[in-house]
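Per TrEMBL, region 'Disordered' is recorded for 1-39. Per TrEMBL, compositional bias 'Polar residues' is recorded for 29-39. What TrEMBL lists as transmembrane segment is 140-161, 181-202, 223-247, 319-340, 360-388, 446-463, 469-488, 500-519. Residues or ranges marked as active site in TrEMBL: H459.
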Amino acid sequence: MVGEEKTTLRKRLSKSREDSEENEDQRSPSRGSLETASNGRINLKQLMAKKIQLTAEAEELKPFFMKEVGSHFDDFVNSLIEKSASLDNGGCAITSFSVLEGENNHRAKDFRAPPEHGKIFVLRQSLLDELFEVDHIRTIYHMFIALLILFILSTLVVDYIDEGRLVLEFSLLSYAFGKLPIAMWTWCTMFLSTLGVPYFLFQRWARDYSRSTHPLVHSLFHCFLFMVFQIGVLGLGPTYVVLAYTLPPASRCIVILEQIRFVMKAHSFVRENVPRVLNSAKEKSETIPIPTVNQYLYFLFAPTLIYRDNYPRTPTVRWGYVAMQFLQVFGCFFYVYYIFERLCAPLFRNIKQEPFSARVLVLCVFNSILPGVLVLFLTFFAFLHCWLNAFAEMLRFGDRMFYKDWWNSTSYANYYRTWNVVVHDWLYYYAYKDFLWFFTKRFKSAAMLAVFAVSAVVHEYALAICLNFFYPVLFVLFMFFGMAFNFIVNDSRKRPIWNVMMWTSLFAGHGVILCLYSQEWYARQHCPLKNPTFLDYIRPRSWTCRYV
């Protein structure tokens with residue numbers, strides 16, 4: 001592929017040279033007369049014309065170079081990674097399913113590919129860190145900073161006009177992060193339990209597996225204990241705390257998102273190490289491959305959900321870079337605060353007493369598109385770039401590909417793969433590929449449907465607990481529209497118009513999400529029920545509430 005592109009560029013270059021030679025031949029009589037008339041002196045007009053011609057040719061070729069390099073650089077790097085993996089495996093690239101292809105293609109469910117045959121970690125920077133080296137891209141970053149400054153000035157000026165003084169209060173932030181000590185104590189409990197219980201259960205199972213007279217019963221017993229921990233301790237415990245102590249939204253998000261992360265981390269640790277113990281028992285090896293506590297502890301803080309004993313590491317820690325990433329995270333928090341304070345709160349606080357209708361809904365959605373898109377960008381930048389890069393730098397974690405160029409996607413299938421690579425890898429290896437392994441690579445559509453269902457349920461669970469009400473807008477958009485777009489707008493769509501359509505649908509979708517959830521939030525604040533039933537918690541209050 002790279003060779004073909006080089007041939008194409010050579011043809012364009014040769015064609016450009018031929019055109020320039022023809023133009024020079026046509027101009028040669030006049031050039032000869034000019035040179036003769038100048039008595040051997042350099043003709044400035046001729047030099048300027050030549051310079052303009054060469055500049056025009058360079059500008060003509062530059063878009064071809066940029067387009068071809070940009071479209072094939074990722075393929076070239078992925079090809080190198082695959083070749084290096086095949087060399088490590090003795091010249092044979094082993095996939096996760098290759099161990100299942102035994103003699104006569106018999107099913108071999110008791111075999112698993114070793115961890116190193118799954119995701120390959122390599123030293124690489126995050127994409128935005130590379131793009132910010134380009135002045136044109138960094139200017140967009142400066143534009144967002146300028147917009148934040150305008151938001152701050154707008155708030156200060158309006159407060160000064162209304163109140164006659166500067167009102168430097170952050171009541172919305174202080175409310176959202178209220179009862180933060182309870183959230184921190186809950187996090188410490190989750191962390192210590194995740195550090196101790198899964199590691200202890202796995203270590204005990206691994207050491208006694210080969211000596212057990214009933215290895216299946218032994219394995220089922222420890223699997224049952226692990227499931228009790230995952231569902232009972234990590235699943236129900238944090239949920240009970242946030243509901244019983246009525247934590248505010250941001251404090252709830254800290255607990256619930258960390259709960260989901262710990263569940264996924266514990267599953268990855270067990271899923272990656274159990275096959276190694278089983279293979280060691282089959283080979284009757286004297287050494288049992290049990291990771292150390294330090295390796296597991298590093299994994300719990302590492303910005304990845306795929307366990308490995310070792311990861312590529314950078315040589316040093318750039319503490320200035322770490323401080324800058326955390327500073328940008330706090331800046332994004334204040335950015336979101338000013339968006340809600342200046343764009344969202346006035347919109348939903350001043351909803352008049354009028355019936356819930358299509359007109360009200362349409363106006364609300366279109367007024368919510370701008371703040372919804374800004375929140376989307378800020379969430380991506382604050383978490384997937386700044387937060388993960390800060391921890392990666394402190395831990396010298398080398399593989400910084402937490403996302404790809406999702407903004408260039410022309411299909412929803414590519415968008416789902418590139419938006420959040422960290423979560424996508426977990427879903428791909430432990431949900432999608434394990435589903436296909438169980439059904440011997442059949443029912444790919446069913447596997448994709450199962451992955452969508454799991455992702456949609458988890459997203460809706462997080463929103464329902466954080467907002468303290470059930471309103472399945474995100475579930476419907478994700479499970480039905482998102483899944484339909486995934487099959488309809490697939491990877492065969494490559495034209496730029498599909499990128500425009502993807503951005504249009506993303507903007508509209510985030511406007512719908514922000515509008516409906518905000519309406520429901522304010523409706524439940526202004527129209528509380530004295531003795532709510534279970535149906536009152538799941539019935540939309542914004543459809544019937546009337547408030548000034």
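Glycine too: its Cβ is placed from the backbone N, Cα and C atoms.
Long-range Cβ neighbours of the residue listed as 'active site' (same chain, at least 6 residues apart, Cβ-Cβ under 8 Å): L474, F475, F478. Proximity of the transmembrane segment (140-161) to the transmembrane segment (223-247) is not established, fewer than 3 Cβ-Cβ distances being under 8 Å for residue pairs spaced 6 or more apart. Through the fold, the transmembrane segment (223-247) approaches residues 178-179, 182-183, 186, 189-190, 193-194, 197-198, 201, 255-256, 258-259, 262-263, 266-267, 270, 465, 468 of its own chain, all at least 6 residues removed from its boundaries and within a Cβ separation under 8 Å. Relative to the transmembrane segment (446-463), the listed stretch 469-488 leads the set 319-340, 360-388, 469-488, 500-519 in CB pairs under 8 A. Highest Cβ contact count with the transmembrane segment (319-340) among the listed stretches 360-388, 469-488, 500-519 falls to 360-388 (criterion: pairs under 8 Å).
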